[in-house]
Amino acid sequence: MTLKLYDTMTRAKRDFVPSDPERVTMYVCGPTVYNYAHIGNFRPVVVFDLLFRVLRALYGEDHVLYAANVTDVDDKINRKAAEEGVPIGVVAERYLAAYNADARALGALAPTFQPKVTETMDAIVGMIGRLVDNGAAYAAEGHVLFSTEAFPDYGKLSGRPLEDLIAGARVDVAPYKKDPRDFVLWKPSKPGEPEWESPWGPGRPGWHIECSAMIEEALGLPIDIHGGGIDLVFPHHENELAQGVCAAHPHGHGQTYARYWLHNGFLNMAEEKMSKSVGNVALAHDLLKTWPGEALRWALLSGQYRQPLEWTDTLIEQAKSALDRLYRVLDDAARPGDAAAEPFVDPRVEAALHDDLNTPAAMAALFQISDELRSAIMRKDAAAVAEGRGRLVGSANLMGFLAQAPQAWFQSGADEDLKARVEDLLAQRQAARAAKDWPRADQIRAELAALNVEVMDGPSGATWRIKEQA
């Protein structure tokens, strides 16, 4: 089954054909680590994690290389460090650790590589040097700038005509720029800011060159897939493309920088893009204190990835209910002593995901599989139940769902005090049943029901779960 992906460059859905099926490469722009990331920052994380999983299923886990960078040199990091009176590295490492913890809680696999700007400085300086040597960059007043005239296809990725590109440049154009569209590759550091040595004087890199250098060092150029949010198409990815090609080839002609460009839509709140500058944000760090990460992942994938998605409490509640439904049928299908079913992916789920990651269709297929499994349970068809369990688990696992035991899922809504109370009541109930004190056993079951706890008795003992909300 052919994987089809929508390519921003061609404005069309294309069959995915990697340069080398034995070495499939993908790069996605990662975080600037100056604060806790909001849930909108994690939409690309979850979307491209899904693509990473699909690629690994297609080509093999050892044949897919995924790099997601970390920007740990930035004015916002500098300001945060100055406010706290600590080195910038302390701020960057703190929020990188929090970001990675949130990503894992959302079910995102760790990327193969997570390069940092501070650890790629030699490669950055080297790439700028090649651009200067190729006549695609020039030094001016301590800065080094990319000359957009060196790349004839500048504007092709974003589809913007020349006049729009010029109008989109800063109103106050620096006097040392030859063209308003030219952008900074290297700049002098201000007093108190971190700086690195370079042939053009001490300073630090511009934003765009960082990604190109990290891609080249981690994966090599060209890569198969370059991903990120739709807001990065221009200027960031447009500039990456221009400098990446020109660093490798004089006159801006030659190999492709990335074979496919993929971009996810905004996550909106109150019909505006979620943004710290606007103030309409929900931190993933805070949401994870209230909601299971798997439910947040479902919510993030509930819409087609290229379209905007409105983030609301209702969206999360619906995601939690959807997973409750799947976990419940999986729990009901489990019988002590049943043979473990080998997980496998249902063709309906595979077809949906291979159609440009059509997650709404894939989720609908999961519900169809769930209903079929429920029917097999009602018929008491052991073979069909075992097969259905394997089908549901394998299909959901490909999407990063049903990653835990049903009992763990249903108990995740209980705090430690409630868990201790339930376990104590179950122990009392077991003792009452052993003593044939049936009135007491029934009384305890009623107490558990009042706690919104459902008890399931089986040959291996009693298990419990939080009741599904009506």
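Our numbering is plain: 1 for the first residue shown, then up by one each step along the chain.
Here the Cβ of each residue, glycine as well, is placed from N, Cα and C on the backbone.
According to DSSP, E240 (Zn(2+) binding site) is assigned to a helical segment. Sequence-distant neighbours of E240 (Zn(2+) binding site) (same chain, 6+ residues apart, CB-CB distance under 8 A): H208, C211, S212, H226, Y257. The annotation Zn(2+) binding site is assigned in Swiss-Prot to C29, C211, H236, E240 on the grounds of sequence analysis.
For the motif ''HIGH' region' (31-41), DSSP puts the residue distribution at 3 helix, 2 strand, 6 coil. The annotation motif ''HIGH' region' is assigned in Swiss-Prot to 31-41.
Residues annotated as motif ''KMSKS' region' in Swiss-Prot: 273-277. Outside the motif ''KMSKS' region' (273-277), and at least 6 residues removed from its termini, the chain residues within Cβ reach (under 8 Å) are 35, 38-40, 231, 266-267, 311.
Cβ neighbour count for K276 (ATP binding site) (all protein chains, 10 Å cutoff from its Cβ): 16. Marked as ATP binding site by Swiss-Prot: K276.
Taking Cβ-Cβ distances under 8 Å and a sequence separation of 6 or more, the neighbours of C29 (Zn(2+) binding site) in its chain are P44, A68, N69, C211, G227, G228, G229, L232, H236.
Listed in chain order, the residues near the Zn(2+) site other than C29, C211, H236, E240 are W207, H208, E210, S212, H226, G228, L232, H237, N239, each with its Cβ within 8 Å of the site Cβ centroid.
K276 (ATP binding site) falls within neither a helix nor a strand when secondary structure is assigned with DSSP, and so counts as coil. The Cβ neighbour count for C211 (Zn(2+) binding site), using a 10 Å radius and every protein chain shown, is 29. Within 10 Å of the C-beta of H236 (Zn(2+) binding site) we count 17 further C-beta atoms, all protein chains included.
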